[in-house]
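Enquirer: Handing you this structure, nothing more for now.
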Amino acid sequence: MTCLPEKMPLQMISTINNSSLIQPGFSLLNFDGRVFLFGQKGWPKRSCPTGIFLLDFKKEELKLKPAYFSKDSCYLPPLRYPAICTPKGSMAQSEKCPYFIHGGKTPNNELSDKLYIMSLISKNSKKFTFRCTEKELAGEVPEARYGHTINVVHSQGKSIIVIVGGRSYKALGERTTENWNSVVDCMPYIFLVDPEFGCCTSHAFQELMGGFSFHLSLARNDTIYIIGGHSVESNTRPPNLYRIKVDLPLGSPAVNCSVLSGGISVSSAIMTQTGDQEFVVVGGYHSDNQKRMVCNTINLEDNKIEIVEREAPEWTPDIKHCKIWFGSDMGNGAILFGIPGDNRQLISDANYFYLLRCKEESDQDPEQMAQVCSQSSTEDAGESTPFEDSEEFTFSFDIDTYNEDDEEDESETGYWITCSSGCDIDINTWVPLYSTELNKPAMIFCSNGDGHWVHAQCMDLSEDMLIHLSQVNTKYFCPEHTSLARGLQTPKETPPVEKPPMKALHRKKPMTIFTPAKKSFIRKLFQ
């Protein structure tokens, strides 16, 4: 067992170029000791249309350098909160240890159900080139989700992918403009995916009674350990510790799930491997409004797992007093995590970042280790309820930064849509119309059929009407579908009809005012 230092050194990164790209939900990929950033919130810059950046550390500075994809690669959107892992063993040796990437959120805040395989095919001192392929899935395909985990297990000379947990949006028929981003726990099924043919099967177990997400998972040979997690339905973080054993005979795979004692109550934690059988767990949350400041060491043996508390690093006052934090595993016992800056200061760097080393430099092994540690990419900033797990990292709506230099081929990614036949919004000349817009035109959800998004500007909605529709639970139908749902379309604001005032039927004559002399003459006349 590797000897861990008494205290893990914590180092603040003083300078980061393009630090606005590192936002909650990012992932870090480790290829041959080189760490790459994946899944930034903003649109990829023109210099890096892939959205993949090399993290170049020099002393206390961090530079982000763009990476590239080969011409035969498929398009890989900058997903946030996906599940990622690497296979180990013979398959990894033949493919130079690729990464499996499943699920996650697109920049349009929609969920992905795709499985990507990304590998590094060439590198030199100035350029790194990747190849990304999309794996076609068939059978009982897992629904689009985020906050889940993915692992690869090996049994009897074969390998299979295991997907567990996560959360998804409500069904399309239940979503309105108000609750379109409300999330629910995915069904607590265990999905097995054949890495060669893409065939998927789901397995339900009595031990997994409720859904959970933002948990940790460890894979060793044919066994996966599930640790912690959060349930949206019950808003709890039970001390889960499950053991999932997968047997791969010639026929159908056999899956067994059992509950173990000794688990920990945690969500959104970050896990890094520090030895052949040792892992360190840092960060996470005890409850909706309490960060988890303690750390744990996980010891794995062939048929045994042990989780013990260990001494935490010397957290800075800023870390202790902040309410939210986020990060990801860099590999080789290192973790990159950030905390939000002071929002009252008008600065470009909204977050501060730290590097935590969980093992000594001399203990680091340049070779890839035998186990896989997988975790969902910390937690989501895109929901509206503060401190609901996966929303614990920000308190506001998910807002991307609008870059004027975004590449032209964004129009081909599907993030900018043509909402109707009369849509005339040009992405190259578009400017904000509503005060609530920052990075792209305001959208409104048309509830016809499975639903689709339309531009509020194209629908001729005023800003007051747009805000009103976002605050009430009502269905909206665009003009193209009004005939299908007549009477349910939200009425447009029309000015009141001007009507002339009505003339009075009997107009009284003004009273005649008599002088004192006239009054005296009239009085004498009647006397």
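For all residues, glycine too, the Cβ spot is worked out from N, Cα and C.
Predicted automatically and left uncurated, TrEMBL annotations should be read as such.
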Enquirer: Under TrEMBL, which of the candidate ranges 102-123, 366-387 is annotated region 'Disordered'?
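Expert: That would be 366-387, the stretch labelled region 'Disordered' in TrEMBL.
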Enquirer: State which of the following binding-site residues has the fewest other Cβ atoms within 10 Å around its Cβ: CYS446, CYS458.
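Expert: Comparing Cβ neighbour counts within 10 Å for the binding-site residues CYS446, CYS458 gives CYS458.
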Enquirer: Please report how many Å separate the Cα atom of HIS455 (Zn(2+) 1 binding site) from that of CYS446 (Zn(2+) 2 binding site), as a whole number.
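Expert: Approximately 10 Å lies between the Cα of HIS455 (Zn(2+) 1 binding site) and that of CYS446 (Zn(2+) 2 binding site).
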Enquirer: Report the nearest neighbour of HIS452 (Zn(2+) 2 binding site) in space among the binding-site residues CYS419, CYS423, CYS458, comparing Cα positions.
Expert: CYS419
Enquirer: For CYS423 (Zn(2+) 1 binding site) and CYS478 (Zn(2+) 2 binding site), what Cα-Cα distance in Å is obtained after rounding to a whole number?
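Expert: About 12 Å separate the Cα atoms of these two residues.
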Enquirer: Could you give the mean pLDDT over the domain 'Recombination activating protein 2 PHD' (414-491), rounded to a whole number?
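Expert: Here the mean pLDDT over the domain 'Recombination activating protein 2 PHD' (414-491) amounts to 71.
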Enquirer: Return only the integer: C-alpha distance in Å from CYS458 (Zn(2+) 1 binding site) to CYS478 (Zn(2+) 2 binding site).
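Expert: Pair distance, Cα basis, whole Å: 10 Å.
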